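Asker: Structure incoming, see below.
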2 protein chains.
Amino acid sequence: MTDFNDLPAHVWPRNAVRQEDGVVTIAGVPLPEIAEEYGTPVFVVDEDDFRSRCQDMARAFGGPENVHYASKAFLTRTIARWVDEEGLSLDVASLNELKIAQAADFPAGRITAHGNNKGADFLRACVQAGVGHVVLDSEQELVLLDCIAAAEQRVQQVMIRVKPGIEAHTHEAIATSHEDQKFGFSLASGSAFRAAEAAVRAPNLELVGLHCHVGSQVFDATGFTMAADRVLALYSRIHRELGVQLPELDLGGGYGIAYTEDEEALDVDEVAHDLLTAVAKTAAELGIDAPTVLVEPGRAIAGPGTVTVYEVGTVKDVTVDEGVTRRYLSVDGGMSDNIRPALYDSRYDARVVSRFTEAPGIPSRLVGSHCESGDILVRDAQFPSDIETGDLMAMAATGAYAYAMSSRYNAFGRPPVIAVRAGKTKLMLRRETVEDILALEA
Amino acid sequence: MTDFNDLPAHVWPRNAVRQEDGVVTIAGVPLPEIAEEYGTPVFVVDEDDFRSRCQDMARAFGGPENVHYASKAFLTRTIARWVDEEGLSLDVASLNELKIAQAADFPAGRITAHGNNKGADFLRACVQAGVGHVVLDSEQELVLLDCIAAAEQRVQQVMIRVKPGIEAHTHEAIATSHEDQKFGFSLASGSAFRAAEAAVRAPNLELVGLHCHVGSQVFDATGFTMAADRVLALYSRIHRELGVQLPELDLGGGYGIAYTEDEEALDVDEVAHDLLTAVAKTAAELGIDAPTVLVEPGRAIAGPGTVTVYEVGTVKDVTVDEGVTRRYLSVDGGMSDNIRPALYDSRYDARVVSRFTEAPGIPSRLVGSHCESGDILVRDAQFPSDIETGDLMAMAATGAYAYAMSSRYNAFGRPPVIAVRAGKTKLMLRRETVEDILALEA
């Protein structure tokens with residue numbers, strides 16, 4: 001039975017605490033104070049939570065440089081600096097993500113460039129910046145990058161993205177011949193080997209490893225190890241036929257987090273242990289050196305440490321079929337600041353953070369303020385019946401893919417993002433205003 | 001059998017033409033010239049198409065002021081000016097949408113304010129601006145608006161949003177007791193009548209009508225007339241019990257457009273005729289004056305006249321199950337500039353616009369450049385097999401809910417929006433740059 005005053009530790013930021021007066025603080029800063037100063041909605045990022053998850057990953061995977069933070073989850077200059085300070089590497093998937101990293105003086109050698117359609121501008125910028133790795137996604141790109149590197153008189157280290165025919169989601173992993181997606185070269189058809197061969201022969205490319213990605217919101221090592229097994233067989237063939245030992249193996253992202261009380265986060269240490277053990281064992285069986293395993297968590301680092309604070313507006317009881325009532329709680333944000341519930345049917349944990357709630361739960365729905373009936377943040381909840389207009393509610397685990405995918409639907413300005421640490425707040429991103437929107441007008 | 005060089009007139013802008021050299025022009029402007037000058041991706045808006053659809057709606061519904069353009073579909077200062085010049089009314093659903101309308105000097109008396117959670121700031125701004133109508137969505141809001149109007153010494157004209165228990169989508173309309181949504185007051189439970197009574201008695205509100213909305217992508221009048229019948233019964237009761245004849249009836253939006261060749265757009269004249277005839281008949285039967293019918297098209301005005309022009313990048317043949325091949329064509333935009341395929345499984349018509357294509361169609365998928373396998377623009381297409389890197393492809397009917405819901409996912413800047421008319425281009429919105437993104441950093 002849910003106690004609405006709890007803050008489940010596996011879902012909420014590590015430094016989230018409900019005080020004796022019922023107010024929730026993060027890193028010692030009361031959320032109502034942040035709402036008062038910066039308005040609502042507002043994203044609040046627990047800096048130590050973010051950094052501690054970088055450290056957890058670094059420890060589990062044998063060193064911070066083996067952990068590539070995936071920018072797409074959430075990137076700002078400040079975030080890039082935190083990632084740098086923690087010694088992690090950084091994945092970028094567009095020219096602008098690279099530029100933001102550069103604006104933060106992120107060491108280019110620890111940057112890896114991704115994407116199915118990078119384009120000459122992006123590739124040239126990568127080579128000129130001296131990014132550590134470019135992950136090649138097509139034959140065209142391989143040829144183009146080799147030309148660009150030649151023109152820049154560089155040798156660019158590259159990886160090849162392969163499709164291992166494994167799909168992992170939550171606790172299930174399946175081996176499949178299904179390769180119907182835009183990313184990568186097929187292992188099964190031999191095109192991955194041919195790409196590796198071409199990369200090895202390309203005068204201005206240096207192949208250092210293969211890359212694969214098995215899914216998202218994965219909770220155990222099975223899918224990763226199944227993929228590693230398949231990809232390592234190609235390492236063995238490359239060794240045998242091309243005489244090259246590839247030093248690195250990038251197993252991508254997908255490390256799951258708990259969005260709701262009934263979910264459990266992936267155990268990073270356990271998965272890392274299982275995965276590294278399996279890779280070492282398979283490599284030994286194949287008679288090759290075990291490559292260094294690289295991983296690319298985004299959500300697992302950025303997700304859990306951030307909450308979105310909303311103010312409750314309209315409270316409305318709606319009679320649904322057969323005399324059942326549902327309470328609609330409207331808040332002052334919605335699908336513009338978090339499209340995931342609408343896009344992926346994602347579930348979230350939301351709680352009142354400005355005071356204790358005392359009443360029992362009733363069937364409720366948390367909705368946004370957009371002019372669209374699908375603008376739903378939490379579809380089926382049992383919220384306390386004493387929630388009122390003016391209460392502050394926070395939605396947990398909104399650090400990844402919420403701000404990053406945010407829109408200006410209904411001309412809503414993006415909320416500000418506030419970092420908190422040791423009792424202090426720091427503005428990371430200011431609120432967008434109508435002036436920002438009008439600034440694009442000719 | 002599709003001819004890929006056709007531009008189906010019911011899907012493409014009214015002034016789209018494929019020239020003898022194979023290049024597609026809109027309003028006489030070759031799309032490759034726009035791509036050359038402004039880069040890709042780029043939205044191109046056929047101004048005369050937009051205006052002509054305003055005029056079609058105005059003619060069908062008995063006057064431009066009865067037609068409320070729904071800002072949420074796509075709003076800029078320029079669009080607000082076009083809507084104003086055509087004499088239409090304007091719906092806004094947020095404070096910022098109101099501010100954009102004001103920045104375009106849109107006459108406040110022709111503005112209607114919507115939303116399930118308007119908030120005191122928005123309501124006060126509406127009253128101060130002198131907006132024509134506020135559509136009330138909850139009891140709380142009714143009380144709040146009455147207070148605000150009193151403080152501002154105004155009487156605010158209002159409508160009441162009701163849930164008629166009708167759902168219409170495409171060609172089906174159903175009567176339902178299902179009222180499980182955030183908007184409006186229930187007709188069935190009597191709460192709509194009580195709200196009307198409260199509005200009539202509120203000293204600073206003047207009730208002028210009821211509002212309802214039955215769905216989206218509706219293609220015939222059935223759902224609208226079913227809803228009108230139910231709502232008019234309440235007009236009759238309000239007349240009988242409160243002694244008030246309400247002069248207006250707002251039947252909302254939902255007018256369907258054709259996104260693909262096999263779809264047919266709603267016939268505006270036919271639907272308007274059926275709807276107005278039905279309202280007149282029902283009003284006569286009920287012994288009340290027939291109210292003026294207001295409608296709120298957004299998509300039907302803004303949608304069909306705009307295309308998004310992309311450049312083809314990576315071309316990749318992927319072996320899918322059992323030896324079948326699918327060609328993946330990557331373009332330089334994606335789910336950031338059009339979330340609808342991912343969010344709603346929306347289908348679109350895309351064609352090469354820089355030249356004729358000659359080859360037969362093969363199973364193809366049009367994908368974006370985002371670091372996400374779900375970043376798909378056209379899932380199942382038969383595109384000509386001679387499409388190559390560097391070709392320009394345009395996706396039609398992207399004027400509504402594409403730019404409006406666009407994000408900066410992967411730090412992509414929003415594309416520019418270019419208006420074309422009589423052989424001339426005009427920059428409506430410039431491209432977003434990484435500087436725009438970084439401008440929010442503290």
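Just so you know, glycine gets a Cβ as well, placed from its N, Cα and C.
According to TrEMBL, the protein carries these features:
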{"type": "BINDING", "residues": "B:Gly254, B:Glu296, B:Pro297, B:Gly298, B:Arg299, B:Tyr401", "note": "pyridoxal 5'-phosphate binding site"}
{"type": "BINDING", "residues": "B:Arg299, B:Arg340, B:Tyr344, B:Glu372, B:Tyr401", "note": "substrate binding site"}
{"type": "DOMAIN", "residues": "B:48-302", "note": "domain 'Orn/DAP/Arg decarboxylase 2 N-terminal'"}
{"type": "DOMAIN", "residues": "B:307-399", "note": "domain 'Orn/DAP/Arg decarboxylase 2 C-terminal'"}
{"type": "MOD_RES", "residues": "B:Lys72", "note": "N6-(pyridoxal phosphate)lysine"}
Asker: Select one residue from B:Lys72, B:Arg299, B:Arg340: among these recorded positions, choose the one with the most other Cβ atoms within 10 Å of its Cβ.
Answerer: B:Lys72
Asker: Cα of B:Gly298 (pyridoxal 5'-phosphate binding site) to Cα of B:Lys72 (N6-(pyridoxal phosphate)lysine): how many Å, rounded?
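Answerer: Computed Cα spacing between B:Gly298 (pyridoxal 5'-phosphate binding site) and B:Lys72 (N6-(pyridoxal phosphate)lysine) is 7 Å.
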Asker: Which numbers of helix, strand and coil residues does DSSP report for the domain 'Orn/DAP/Arg decarboxylase 2 C-terminal' (B:307-399)?
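Answerer: Secondary-structure composition of the domain 'Orn/DAP/Arg decarboxylase 2 C-terminal' (B:307-399): 8 helix, 44 strand, 41 coil.
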Asker: Taking each of B:Lys72, B:Gly254, B:Glu296 in turn, which of these recorded positions have a Cβ less than 8 Å away from a Cβ in chain A?
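Answerer: Qualifying residues, whose Cβ lies under 8 Å from chain A: B:Lys72.
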Asker: CA-CA, which of the recorded positions B:Lys72, B:Arg340, B:Tyr344, B:Glu372 lies nearest B:Arg299 (pyridoxal 5'-phosphate binding site)?
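Answerer: The smallest Cα gap between B:Arg299 (pyridoxal 5'-phosphate binding site) and any of the recorded positions is with B:Lys72.
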Asker: Quick check on the binding-site residues B:Gly254, B:Pro297, B:Gly298: which one has the highest count of other Cβ atoms within 10 Å of its Cβ?
Answerer: B:Pro297
Asker: Closest to B:Glu296 (pyridoxal 5'-phosphate binding site): which of the recorded positions B:Lys72, B:Arg340, B:Tyr344, B:Glu372, going by Cα position?
Answerer: B:Lys72
Asker: Cβ atoms within 10 Å, counted per site: which of B:Tyr344, B:Tyr401 has the most, among these binding-site residues?
Answerer: B:Tyr401
Asker: Mean pLDDT, the domain 'Orn/DAP/Arg decarboxylase 2 N-terminal' (B:48-302)?
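Answerer: Here the mean pLDDT over the domain 'Orn/DAP/Arg decarboxylase 2 N-terminal' (B:48-302) amounts to 95.
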Asker: Which one is it, among the binding-site residues B:Gly254, B:Pro297, B:Tyr401, that lies nearest to B:Tyr344 (substrate binding site) by Cα separation?
Answerer: B:Tyr401
Asker: Most Cβ neighbours within 10 Å: which of the binding-site residues B:Glu296, B:Glu372 is it?
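Answerer: Going through B:Glu296, B:Glu372 one by one, the largest Cβ count within 10 Å is at B:Glu296.
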